[in-house]
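**Student:** My questions all concern the structure below.
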4 protein chains.
Amino acid sequence: MEKWKDVKKVVLAYSGGLDTSIILKWLQTELGAEVITFTADLGQGEELEPARRKAEMLGAKQIFMEDLREEFVRDFVFPMFRANAVYEGVYLLGTSIARPLISKHLIEIAKKTGADAIAHGATGKGNDQVRFELSAYALNPDIKIIAPWRDWNFKSRTELLDFAQKHQIPVTKDKQGEAPFSVDANLLHSSSEGKVLEDPSLPAPEYVHLRTVSPENAPDKPTIITIGFKKGDAVSINGKQMSPATLLTELNKYGHDNGIGRVDLVENRFVGMKSRGVYETPGGTILLAAHRAIESITLDRGAAHLKDELMPRYAELIYNGFWFSPERKMLQAAIDLSQENVEGEVKLKLYKGNVIIQGRKSDKSLYSSSLVTFEDDHGAYNQKDAAGFIKLNALRLRTLAARDRK
Amino acid sequence: MEKWKDVKKVVLAYSGGLDTSIILKWLQTELGAEVITFTADLGQGEELEPARRKAEMLGAKQIFMEDLREEFVRDFVFPMFRANAVYEGVYLLGTSIARPLISKHLIEIAKKTGADAIAHGATGKGNDQVRFELSAYALNPDIKIIAPWRDWNFKSRTELLDFAQKHQIPVTKDKQGEAPFSVDANLLHSSSEGKVLEDPSLPAPEYVHLRTVSPENAPDKPTIITIGFKKGDAVSINGKQMSPATLLTELNKYGHDNGIGRVDLVENRFVGMKSRGVYETPGGTILLAAHRAIESITLDRGAAHLKDELMPRYAELIYNGFWFSPERKMLQAAIDLSQENVEGEVKLKLYKGNVIIQGRKSDKSLYSSSLVTFEDDHGAYNQKDAAGFIKLNALRLRTLAARDRK
Amino acid sequence: MEKWKDVKKVVLAYSGGLDTSIILKWLQTELGAEVITFTADLGQGEELEPARRKAEMLGAKQIFMEDLREEFVRDFVFPMFRANAVYEGVYLLGTSIARPLISKHLIEIAKKTGADAIAHGATGKGNDQVRFELSAYALNPDIKIIAPWRDWNFKSRTELLDFAQKHQIPVTKDKQGEAPFSVDANLLHSSSEGKVLEDPSLPAPEYVHLRTVSPENAPDKPTIITIGFKKGDAVSINGKQMSPATLLTELNKYGHDNGIGRVDLVENRFVGMKSRGVYETPGGTILLAAHRAIESITLDRGAAHLKDELMPRYAELIYNGFWFSPERKMLQAAIDLSQENVEGEVKLKLYKGNVIIQGRKSDKSLYSSSLVTFEDDHGAYNQKDAAGFIKLNALRLRTLAARDRK
Amino acid sequence: MEKWKDVKKVVLAYSGGLDTSIILKWLQTELGAEVITFTADLGQGEELEPARRKAEMLGAKQIFMEDLREEFVRDFVFPMFRANAVYEGVYLLGTSIARPLISKHLIEIAKKTGADAIAHGATGKGNDQVRFELSAYALNPDIKIIAPWRDWNFKSRTELLDFAQKHQIPVTKDKQGEAPFSVDANLLHSSSEGKVLEDPSLPAPEYVHLRTVSPENAPDKPTIITIGFKKGDAVSINGKQMSPATLLTELNKYGHDNGIGRVDLVENRFVGMKSRGVYETPGGTILLAAHRAIESITLDRGAAHLKDELMPRYAELIYNGFWFSPERKMLQAAIDLSQENVEGEVKLKLYKGNVIIQGRKSDKSLYSSSLVTFEDDHGAYNQKDAAGFIKLNALRLRTLAARDRK
């Protein structure tokens, strides 16, 4: 391919699935390039070893495999949850937040192996191509990025399958027909899009859901858990300290069993169109509620409101792929500073899709029952101060009303 | 009382309850002022006639009673829901939004009757005094505002009850002891605060809840409803057109029965302290989910994201009592402009506390399955455009990376 | 040209200069399309008739010429100045704001004449291509847009000139060599970029400036003028009512003569790189200062601060070409609402680059000397109110300090 | 005075002037408290020794004097200038930024001396009382704060002077009449308010100005200077390294001599009214222009625009007295992060009120003439990328236009 004729060595983000297997072959045949594969365990719930065997079989020159679950949760998911980030009111950014991590490793492997290019299997219509590539460019401005879905000449699924057959790429039975929807998954969430989900006026079939039982099928008895926080991050469940990935895995189980974290949405992609997705974020949904609850007693109003105002922009940056941008880092610096004293425990009731706050407590609590009480507060608060407070807050409004009356 | 010695006629926001009954008497005895009462039906769920009789008995010179439910929902609740307003991530502003409406009527009645002052029963520790007074001042800069809770000398509940007894103010049995918590209610929500709720580490007792059954006690079978929208406002349920207040009343029933809309929170008051509340917003919770869903297919991304960024500020303004401020009106103008084409229908499943989107459709939909499809899109979208899009978005990040590498 | 093979009729934004003349010919020869030219008077300071003759000579099928100065100032410049829009702290958006107007007319003419495409002479590196095209697409989603600078195969200025010569396109002597910098001009401003200006460490040569004398060469005696405002727009100078374009023309003279409105900047383009420009906005610079001054006495603080917070986003939208986007319109609705009472007069001293406020007055003034006076204010303001105001504003900070001390 | 009856020892912010001298005496006579004075050199341009002698004479128990100029510029002024902070478009916050520093020292001295209260001489109408007190409360939640202007019973200037006479407080001749305006000054600026300035329709008399010659009286010959930056802070003038306060002092001279930094404004006070002021910030005005210029080549667009959007809020926080609030610190963290590479040199021409950028250069420059050039860029930028960039940015607008056409 003329365009990539100088490329000698490519690091491919390889899942072991049909599409990236075709890409692995295509890069060799079409570009004549050496291919190095990188397969990461992000908690997508698949074993990695089959991917290794397949990569070997398909001619990969070097194979990198890594368990990134702890790095993923510690350095990407948790910082994002400090911000209470939600995109367009509902989406917890489960796919968006994984992409920069993969790019980081692709770039590192490229450096280590002297590769001049990286490649990914994201299509030209989605957000993921943007996230992969912006992240990669931000880490290595000279890297070449190959997105075969944008470049190759396959015109139909049939042509793709023909190519696969021709190059002895194994095609599992269920892939020979069309998958009924497309899936992305990691430790934070799974997303399902396309095909049977393309009509937003129809509900998602139950079988689309991968990470949760339905609220209807969840147990009739609530589950009570307590999450402990330190510096804004969850550190324990029911008093037991856990590593970030262990903790999120555990929360995912609680969420799964109690039908928590399903979202059916239509979102606005960065590339300009609307798309419909069904997302499941069982543990994340619990975590968000718990984090807001611990913040509610440990965060000052000024910090809390500033966070709320900055959040939509922060979420948009992550959604659009700007994790490694200066502006995301600036916002992160502000957010992280606010989390210093966000610690304590939140008790939650999980019940058929609901995450219900049962209590929060903290040594760093700013809640003062002596200030707020309807009872005698022994002078903690002077109600007469309120008169002056209101008078001065009203002054400009009164001046305005007097003017406008004229 | 020296401070109010010039006051001759006061319009009192009168609920008929013990506290405002004491105020009604106190204004007469302490200030020597004529008192006019105003009692409004905001959907709080109490009959108004007993209040009339009580006001008469306690010496009110004129009695105004009005059913404001339609005005409340049409001119206050619905405009606020166009903004998807949520305070501190969870509170739907059910109390906040009612206060400016009451002030508006107090000021109108003051004008009509030649009264020089208004009075309200809000305490000096809460937000409501601020909301009442900022609204009143914004509508009449010269109005005098009497907040007896800040001014009188009663030092304990006992002294208050003595005053009541002395002036033959009826005290119902349950008021002789202390109420176990304090309630505010209207068509949008009920809030419970204080006393048994003052310890935020403990769950709210079930009996605190007034507007909803618990998710646990809600039916095992989901309810499906369809809400129709026009210009951003809900106009129908299951195809049946309804007035704003009728519609919200209806949604409240659905919410009540299905355990929807409970929130247990610690919030930051404008007057500076944190308080803990249990709020129930059954219909509003359904409405918010439905409105976001219909916006998701009818609102352009630019408009949607701008709304999301402005929302926290807008919600804060309402919470703090600035409904009649120029900046709230400016934000409203922006928001309302965006709602022109927010119309269509949203189907929802209500189930044990959950509001689950089942589908959305609109003649004004911006969702295009031909754009987003994984299938052949017949040229609706050229995947190659994405390469240029990414390249230019990446340019500044690459320049930065090249600089920082040096 | 394969890409545009279906194009039959193109409306070209035609300036009469060498570049768009080459495009006029190229569209005919390369695409075989009929070309309609559109030349607008935006106050760029050139006669239009020569452009007509040239267009005729070069084979234009239809020629549209229009004086858009009033529309430009009334519907584009003035709404923008209501926002006090400044990009990156210094740029008054003089070029940015003209582009959507031109696109609007191109689209209208395309409709009128049945053309299926429009064309412009902006290069592929600049912002103007983006502004032209986003505006055009927002007004007609099906329009085809030809940007020859991105498409043609000329590889050097020599090749371009060869093409010109071959097609008997007149090339003025000074164009045979390279122009020392590139210019855009309209009634609001002129901008100079490129070539001699490419090194941002060097000052701009004096001859680059087109619209202003230097402060050094401006008169030693100040000029005093008074600008009258109504609903946020300037309507008079020295008491004389003027149409928008007449007024801006007049202000430009004042600015020119007094060395006002020069800016030498490095800006961030939407397409991703930094560029250096020398801009002159003589009248606009005066107008901005005057508008802020009249707002300072007629705008409430809440409105003023909200405007200041929204402004950078608003300016960015205009800079990036999103004039016709829903979010720009939303912001405009908010801004326009605030301007209802922005009226009165501002007196200014113009002196060697300075615009110095000499006074402002308004029947709608919110300034009250009786409130602010150090003298006895006769009870307009009760200083004791400040104590309560501060106490409650401090409450959260004190709570925080008490917590952090622990 | 009943209200302060428990106060035993007060630290007074003492200027040595008539007002704080009266306060010094009043605190002793009225409260029976020991008074400790604190007088700081913030660059207000007055000698401190006379204040010491006066304090001794008037019975101060302890006298603290300190030169805070370096701390002021390093820890308050410079961090603020990193943000390009401007309040309401014109005010460089010269008074606002000094108040938290004074409070910090008052609180430190109170701790050291075991004082239970602090006192200041700000009136009940202004912003300074708020700034002093919010800062003090944020540093010591239990401190008592005495603001005699809000508390004492003097009803007129005559009564004040009688008190002074009675207590043998020296009153200079010019103070016996009324000062024609009120002044605050420090190393960053001087402000003049009140009396002759109370009518905003009239220009300020020339004699009001204290820190600058008028542009008219400035030299006819421009002065050229070069300011060097490191991590966003100015570190040198004309290549000579200087400490923060030395540098600002030096810039003040340049500004003074060239008529730079005068502002005549009407501003919105936090306490609710508008006030008119004449401010002079000679060095700060130069510094702001220079800082923006060095940022223009060293700051990425994303960082720069985020800073511009956050700035109005940041400036408002400082103006309102929230320097020690969590939200100001959060914004500062974001801003400071952005300044890491803001270094290099800016050359400026100072001429009769103008600060004219002559050039900027930096080893960390992000400006690339090879990217931006109109000449052949040897492939640094592919113009064809712009087509895809525009197409995807336009997609949502086209979808919208197609919908709205229906």
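Using N, Cα and C of the backbone, Cβ positions are placed for all residues, glycine too.
Note that this is a predicted model, so its numbers are computed, not measured.
Sharing the record's features from TrEMBL:
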{"type": "DOMAIN", "residues": "D:9-170", "note": "domain 'Arginosuccinate synthase-like N-terminal'"}
{"type": "BINDING", "residues": "D:A13, D:Y14, D:S15, D:G16, D:G17, D:L18, D:D19, D:T20, D:S21, D:A40, D:G121", "note": "ATP binding site"}
{"type": "BINDING", "residues": "D:Y91, D:S96, D:N127, D:R131, D:S182, D:S191, D:E267, D:Y279", "note": "L-citrulline binding site"}
{"type": "BINDING", "residues": "D:T123, D:N127, D:D128", "note": "L-aspartate binding site"}
{"type": "DOMAIN", "residues": "D:181-398", "note": "domain 'Arginosuccinate synthase C-terminal'"}
**Student:** Look up D:S21 (ATP binding site) in the DSSP assignment and reduce it to helix, strand or coil.
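**Tutor:** In the DSSP reduction, D:S21 (ATP binding site) maps to helix.
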**Student:** Name, in the order they occur in the sequence, the residues of the same chain whose CB lies under 8 A from the CB of D:N127 (L-citrulline binding site) and which sit 6 or more residues away.
**Tutor:** D:T95, D:S96, D:R269, D:F270, D:V271, D:Y319, D:N320, D:G321
**Student:** Could you tell me which of these binding-site residues, D:Y91, D:Y279, has the fewest other Cβ atoms within 10 Å of its Cβ?
**Tutor:** D:Y91
**Student:** Could you state the CA-to-CA distance between D:D19 (ATP binding site) and D:R131 (L-citrulline binding site) to the nearest Å?
**Tutor:** 19
**Student:** Could you state the CA-to-CA distance between D:S182 (L-citrulline binding site) and D:G121 (ATP binding site) to the nearest Å?
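**Tutor:** Distance between the two Cα atoms comes out at 13 Å.
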**Student:** Taking Cα atoms as reference points, which of the binding-site residues D:T123, D:D128, D:R131 is nearest to D:S21 (ATP binding site)?
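**Tutor:** That would be D:T123, nearest by Cα distance.
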**Student:** Using the alpha carbons only, what distance in Å do you get between D:Y279 (L-citrulline binding site) and D:D128 (L-aspartate binding site) once rounded?
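**Tutor:** About 16 Å separates the two Cα atoms.
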**Student:** Within 10 Å of D:S15 (ATP binding site), Cα to Cα, which of the binding-site residues D:Y91, D:T123, D:D128, D:R131, D:S191, D:E267 are there?
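**Tutor:** None, since no candidate lies within 10 Å.
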**Student:** Are any of D:Y91, D:D128, D:R131 (the binding-site residues) within 10 Å of D:G121 (ATP binding site) when you go C-alpha to C-alpha, and if so which?
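**Tutor:** Within 10 Å of D:G121 (ATP binding site): D:D128.
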**Student:** Using a 10 Å cut-off on Cβ-Cβ distances across all protein chains shown, tell me which of the binding-site residues (D:S96, D:T123) has the largest neighbour count.
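**Tutor:** In terms of Cβ crowding, the pick is D:S96.
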**Student:** Can you tell me the three-state DSSP label for D:Y91 (L-citrulline binding site)?
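**Tutor:** DSSP call for D:Y91 (L-citrulline binding site): strand.
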**Student:** For the binding-site residues D:Y91, D:T123, D:S182, D:E267, return the ones with C-beta distance to chain C below 8 angstroms, or 'none'.
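**Tutor:** Among the binding-site residues D:Y91, D:T123, D:S182, D:E267, the ones whose Cβ sits under 8 Å from a Cβ of chain C are D:T123, D:S182, D:E267.
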**Student:** As a test of the contact definition, list every same-chain residue at least 6 positions from D:S191 (L-citrulline binding site) whose Cβ is closer than 8 Å to its Cβ.
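**Tutor:** The answer is D:G94, D:T95, D:V183, D:D184, D:A185, D:G277, D:V278, D:Y279, D:E280.
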**Student:** Cβ within 8 Å of the L-aspartate site centroid (D:T123, D:N127, D:D128 excluded): which residues?
**Tutor:** D:A122, D:K125, D:G126, D:Q129, D:V130, D:R131, D:V271
**Student:** Reduced to three states, what secondary structure does DSSP give D:D128 (L-aspartate binding site)?
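**Tutor:** It is helical.
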**Student:** At its widest, how many Å does the recorded ATP site span between Cα atoms of D:A13, D:Y14, D:S15, D:G16, D:G17, D:L18, D:D19, D:T20, D:S21, D:A40, D:G121?
**Tutor:** 16
**Student:** Measuring Cα to Cα, how many angstrom lie between D:A13 (ATP binding site) and D:Y91 (L-citrulline binding site)?
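**Tutor:** Distance (Cα to Cα, whole Å): 25 Å.
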**Student:** Of D:G17, D:T123, D:D128, which is closest to D:E267 (L-citrulline binding site) if I measure between C-alpha atoms? They're all binding-site residues.
**Tutor:** D:D128
**Student:** What same-chain residues, at least 6 away in sequence, bring their CB to under 8 Å of the CB of D:G17 (ATP binding site)?
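**Tutor:** Spatial neighbours, sequence-distant, of D:G17 (ATP binding site): none.
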**Student:** For D:D128 (L-aspartate binding site), which residues of its chain lie six or more apart in sequence with Cβ-Cβ distance below 8 Å?
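**Tutor:** Sequence-distant Cβ neighbours: D:T95, D:R99, D:H120, D:A122, D:D184.
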**Student:** Between the Cα atoms of D:R131 (L-citrulline binding site) and D:T123 (L-aspartate binding site), what distance do you get, rounded to the nearest Å?
**Tutor:** 12
**Student:** How many Å lie between the Cα of D:T123 (L-aspartate binding site) and the Cα of D:Y91 (L-citrulline binding site)?
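**Tutor:** Their Cα atoms are separated by 21 Å.
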**Student:** For D:D19 (ATP binding site), list the number of other Cβ atoms lying within 10 Å of its Cβ atom.
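**Tutor:** 17, counting other Cβ atoms within 10 Å of D:D19 (ATP binding site).
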